[in-house]
Amino acid sequence: MGELSPVCLYLLLQGLLLCNTGAARNLNELKMECPHTIRLGQGLVVGSVELPSLPIQQVETLKLESSCNFDLHTSTAGQQSFTKWTWEIKGDLAENTQASSTSFQTKSSEVNLRGLCLIPTLVVETAARMRKTIACYDLSCNQTVCQPTVYLMGPIQTCITTKSCLLSLGDQRIQVNYEKTYCVSGQLVEGICFNPIHTMALSQPSHTYDIMTMMVRCFLVIKKVTSGDSMKIEKNFETLVQKNGCTANNFQGYYICLIGSSSEPLYVPALDDYRSAEVLSRMAFAPHGEDHDIEKNAVSAMRIAGKVTGKAPSTESSDTVQGIAFSGSPLYTSTGVLTSKDDPVYIWAPGIIMEGNHSICEKKTLPLTWTGFISLPGEIEKTTQCTVFCTLAGPGADCEAYSETGIFNISSPTCSINRVQRFRGSEQQIKFVCQRVDMDITVYCNGMKKVILTKTLVIGQCIYTFTSIFSLIPGVAHSLAVELCVPGLHGWATMLLLLTLCFGWVLIPTITMILLKILIAFAYLCSKYNTDSKFRILIEKVKREYQKTMGSMVCEVCQYECETAKELESHRKSCSIGSCPYCLNPSEATTSALQAHFKVCKLTSRFQENLRKSLTVYEPMQGCYRTLSLFRYRSRFFVGLVWCVLLVLELIVWAASAETQNLNAGWTDTAHGSGIIPMKTDLELDFSLPSSASYTYRRQLQNPANEQEKIPFHLQLSKQVIHAEIQHLGHWMDATFNLKTAFHCYGSCEKYAYPWQTAGCFIEKDYEYETGWGCNPPDCPGVGTGCTACGVYLDKLKSVGKVFKIVSLRYTRKVCIQLGTEQTCKTVDSNDCLITTSVKVCLIGTISKFQPSDTLLFLGPLQQGGLIFKQWCTTTCQFGDPGDIMSTPTGMKCPELNGSFRKKCAFATTPVCQFDGNTISGYKRMIATKDSFQSFNVTEPHISTSALEWIDPDSSLRDHINVIVSRDLSFQDLSETPCQIDLATASIDGAWGSGVGFNLVCTVSLTECSAFLTSIKACDAAMCYGSTTANLVRGQNTIHIVGKGGHSGSKFMCCHDTKCSSTGLVAAAPHLDRVTGYNQADSDKIFDDGAPECGMSCWFKKSGEWILGVLNGNWMVVAVLVVLLILSILLFTLCCPRRPSYRKEHKP
C-alpha cells in the first residue's frame, strides 16, 4: 500500500476534527440541583433541558434511552397514539392567487410517538416510594423542525446514588449532572437557601417570612372516574374565567406540579391549597405557559397563516379542534389533549398553536406540560461560620474549608479555589491549594475573613522534620522540636542555649582555639608587614642621602637605578666590561643586553639581603603575639566561667526575644498590673477607631497630693454597629429581552395568539394594511391588506437579589466606664456623649461610605455582603436601569421599554421588526460593570421589617473618639473600692506559642459589691498573653480568655491587676501539622492598660519558669540533656588533660 500524500493526511485530520466537533455539539447538560442533606419524605427532584431542533421527519422514530444507574419508570416509554394535525397551502390554487382565509387547509393522521410526557395516574406519587425515576420529553414544532425539551423527575434519594450519567434522544446526548448545592435542605434562589413553606402565610405575620418567585413545572395526568364532575379539569378553568353554559368538555384529569428544583408533588386543581389556586389562575391567563420560547430564539419572526380547524382524531366527521397556523420559530408546546372527549385524544400539532382560551366552549385543548412561575412564602436557612485549616504541601499549602450548613461564598486573594467539594452529612467541605506561603493566607468564607498564619505552618514542618530525623526516640525528639522550632531570634536563642548547655565544654575550647589561631596569624602578618615596611623606608633614606652627597645612583652603562652604594660600585666595575654585577656571568656591555639579563637574573636582590642581614633579626614573640600564643584556653576555670556566662546571657536573650512587636490592634505581651497616671491635669484621649475594633483602656488614677490614693479607671468601647432604617423595595429580577415579528398576510390586524400578550411586561405596535408591493412576500401580492405585528416582551424572569433603601442611618457604640465603684453604660450615637460628673466620652463623628437614600443590593445571604447604589429607580424605570424589573408584595413592576419600532421591508420578503431601544436588562448591565460599584461586607446582621443592623468587618469606617477625665476627682471616696475579686483557673485548651493560641476558662468571684467592670488577664509568672473585659456580677462568674504566646513551662493563671489565681495550667504543645485559621474580626481588639514592659527581672523570671517547665515536663528530655552534658565534659577531659602543677614539675 502506497504512502499517503501530505494533502490526504491533512484532509483526514480535518475530517476527524470536524467529527469530534460535531460530537461535542450533540452533548447537552441537564443539571439536577440537590440539597446536600437528603432526608426521607422530601419529595422529588426535577430538571429539564432544551435540545437543538431536529427535522420533523425524525420525531416518529425518537426514543429516549438511558445509561443511568437509577431505575427508569417504563410507563412513558411505550408507544402512544397521537393525532398529527398539520396545515399546508391548498394545492389547487392558481399561481399568484392572493392569500386569504381559504388558501390553507389542514390534515389529520394518526401516528405513534414514544417517550412523551404522558404520565399515568399514581406514577409521580409513588416514584419516591418505589425509587422510580421518570424521564420524558415534550415537543415545540413548526412545519419543518421540532425542538424537544427533556424532563427528568426522580426521588430525591437519587442525589446520593447518582453523580453523573447519560441520556440520549435521537442523535443528541444529554449529560445528567447531579450537583449538590450548599443548601442543607432548601433550594438555591437569589444565591440563598430558601425553604418554601406555604402555610407560613396563613399562620404568621408577613414580616416573619420571605417571599420568593419560583419556577413551576406541571404535567397533565389522566384520571377517569365513573361518576361526578370532580375530575373534569376544564370546568375549573371555565369557572375561574366566569364562563357558563359549556357542557361538552368532559375530559377528566389533573396537573401534577413540581416547584423549583425539588418539592413534594402539588395537585392542580386542589381546593385546600392556595398554591394550587395560584397555579390554576396563571394557567387560565397563560394557557400555553409563561415560558414562551427558548433563549436563542429571543429575536425571531413568525408568519401567521390564520385560524384553522381540524379533526381529532382523524376519523371524526366534523372539526373538533381549532388553532392558529404559523410558520417560523416554534414557540409553545405542540402537544395537547382534547377537552371535549371523555376518553383522552392526544394531538400533535406542528406549526399550529392550539386553542387554549377557556372563555370559549368548543374545540379547546389542554397542554401536556405547562411551565410558569409562582411566588411562595418560606424561610431562609441559617448559615454558620466556616472552619479553614491548611497543611504544608510542597512549595505551597493544601487547605480545606468546611461548614456545618454549607458554604455559600468562598474566595481568596492568595489561593486558587477550585470548588472540589464533598459532603459529610450536613457538612460541606471544599479543598483548595495555596501556591505561596511567604505571606499569611487569607480566605473569605461565608462572610467571614479567615487568616492562616503561614509561619505556624513552617513551624509544624520543622517539628515534623526534626521528629522524623530522630525517630528512634520520638518522645524526646518531639519535645525538643517544639522548643527549637520557634520563629525568629527566639528560636535561634533556644538552639544556642541548648547547644551551650550540652556541648559547651567541647565547643568553648574548640571555638576559642580556632579564634586564637586566627588572631595569632593576623598578629604575625601585621608584625611582618610592619618590619618589611620599616626596611623599605630605610632603603629610601639611604638612597636619598647618597643622592644628596654623591649624586645620582643610576649606572651609566646599563641605566639601572641602584638602592645602595655597594650595588652602584659593583655596577660600575662589572657593566663596563660586560659582566653581570649580581651573578658575575658574562654579557654584552650594552644597555639593552644588560637590562634583558637583569630580568632573568635570580640574584638581583643580593645587596638588599646583605643589608637586611646586617640589621637586627625580627623576633615575632613579643607583645600581642606572645600573649595570644601563651593563652591557656584549655583551662577548666576559663571554660567553666565562659560556659556559665554564656548560659546567663543566652537566657536573657531568650527571654527578651520572646516579646511580640507592638501593634495598633491586637494583644501586646506585657507584665502584670496596669499603668498609673498622676492626675495633675485632666486626662484626655483623642483618637480614631476602626469600625470593627473594640477598645479597652485601663489605668490607675493617682492623687498627686497623696500617692497612696488610687482610683481604678476602666473604659470599654464595643465594636461599631450600623443601624439602618430601611424600606424593602422587593426582589430585583433579571429577564430575557424578546423581539418578535408576527406577519399576517391578509385582512386587518387581529389579536392572534401572539406570545407577548400573556407576558408580564410587553409592548406591541401593529403595522396594518400594507401599502406597497415592496413589503410583501411572493405569495402575498395584495396591496391594502395584511398586518405586521411587532412585539417586545420580557421572558424567563428570574429573581436575582433583595433590595433595600436606606431611609436613615445611625452609627453606635456601647460605652461602659468603671471609675472606682461607679459604673455607667450607654449606647452612644454619632455626635453624642456619655457624661458623668467626672468622665465625658464622645463619639464626635464617623467617616462612612453609606448615605441616606442609598440602595443596598444583596445578591445572596446578608453575610455575603452587598453593593451600594447611589441611583436606583423606584417610580419611572426604564429597561436597563438599576431596579428596572421588581417583584414586590403588590405584584410585578414592569419597566418602560423605551424605543421605537421600525418595519424593515424588502421586495418579495416577509417584513421584519426592528427596535432601536435598549435590549440589555439592568441586572446584566450591573454584572458587566460590577467593579464600578461600591461593595461592603456584613458581619452579625439582624434584619426586621424596617431595620437592618450589622457590623462592618473590613474597618472601612472610622469613628472619632474623645475621652476626658476631670482631675477634680473625689479620691477619698472613690479610691476605697470595697469590691473583692477572687480568681481560680478552671480549664484550658489549645496550645502555647504565638501561632495557635489557647482558651483559658476562669472562675471569678465578686463580693462586697453588686457589679464591677474590669479586665481579666491570662498570664504566667512573668508576662500576660491575653485579656478580656468582663462585667462581673455578685457571685461566681465564668470568664473565657483567648490568648497567644507563652512557652512550654508557662503555667497560665487568671489575673486581675497583680493578683492571680493560686494555681496555673499548662497548655498543650503546638502540634502544628494542621493550622486552623482565626477570625479577623475576633482579633480586632485594642487593649491598653499601661502595664510595664518586661524588664530584667521579668526576663529572669521567664527563663526560670521555662527551665522549671522543662525539668517538670518530659523527664526523658532532661535525662538526654544531662547525658549529653556529661559526655561533653568527659570528652573535654580526654582532649584537654589537666596540666601538672608548677611544684610537681620542679620537684627535686
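Even glycines carry a Cβ here, placed using N, Cα and C.
When Asn142, Asn898 are compared in Swiss-Prot, the N-linked glycosylation site annotation sits on Asn142. Per Swiss-Prot, Gly786 and Cys1136 occupy opposite sides of the membrane [differing topological domain names]. In Swiss-Prot, Cys386 is paired through a disulphide bond with Cys445, chosen from Cys434, Cys445, Cys462. The disulfide partner of Cys159, as annotated in Swiss-Prot and taken from the candidates Cys34, Cys68, Cys257, is Cys34. For Cys749, the disulfide partner named by Swiss-Prot from the candidate list Cys775, Cys780, Cys787, Cys790 is Cys787. The disulfide bond recorded by Swiss-Prot for Cys165 joins it to Cys68 [selected from Cys19, Cys68, Cys246, Cys257].
Between Cys136 and the candidates Cys117, Cys141, Cys146, Swiss-Prot records the disulphide pairing with Cys117. Note: the Cα of Cys386 (disulfide bond) and the Cα of Cys1002 (disulfide bond) are spaced 27 Å from each other.
For Asn409 (N-linked glycosylation site), the spatially nearest entry among the recorded positions Cys68, Cys165, Asn357, Cys445, Cys761 is Cys445, judged by CA separation. When the CA atoms are compared, the disulfide-bonded residues lying within 10 A of Cys1060 (disulfide bond) are Cys1054, out of the candidates Cys749, Cys790, Cys894, Cys1054.
Applying DSSP to the zinc finger (580-601) sorts its residues as follows: 10 helix, 1 strand, 11 coil. Residues 557-560, 567, 570-571, 573-574 of the same chain, all 6+ positions outside the zinc finger (580-601), place their C-beta atoms under 8 angstroms from a C-beta of that stretch. The C-beta environment of Asn142 (N-linked glycosylation site), restricted to residues of the same chain at least 6 apart in sequence and closer than 8 Å, consists of Phe326, Ser327, Gly328, Ser329, Pro330, Pro350, Gly351. Comparing C-alpha positions, Cys833 (disulfide bond) sits nearest to Cys1002 among the disulfide-bonded residues Cys34, Cys761, Cys913, Cys1002. With the fewest other Cβ atoms inside 10 Å of its Cβ, the least crowded of the disulfide-bonded residues Cys833, Cys913, Cys1060 in this structure is Cys833.
Asn357 (N-linked glycosylation site) has Cys745 as its nearest neighbour among the disulfide-bonded residues Cys34, Cys745, Cys1054, going by CA to CA distance. Cα of Cys34 (disulfide bond) to Cα of Cys780 (disulfide bond): a distance of 53 Å. By neighbour count, meaning other C-beta atoms within 10 Å, the densest spot among the disulfide-bonded residues Cys390, Cys761, Cys787, Cys1055 is Cys390. Considering only the disulfide-bonded residues Cys399, Cys745, Cys761, Cys787 (disulfide bond) has Cys745 as its nearest partner by CA-CA distance.
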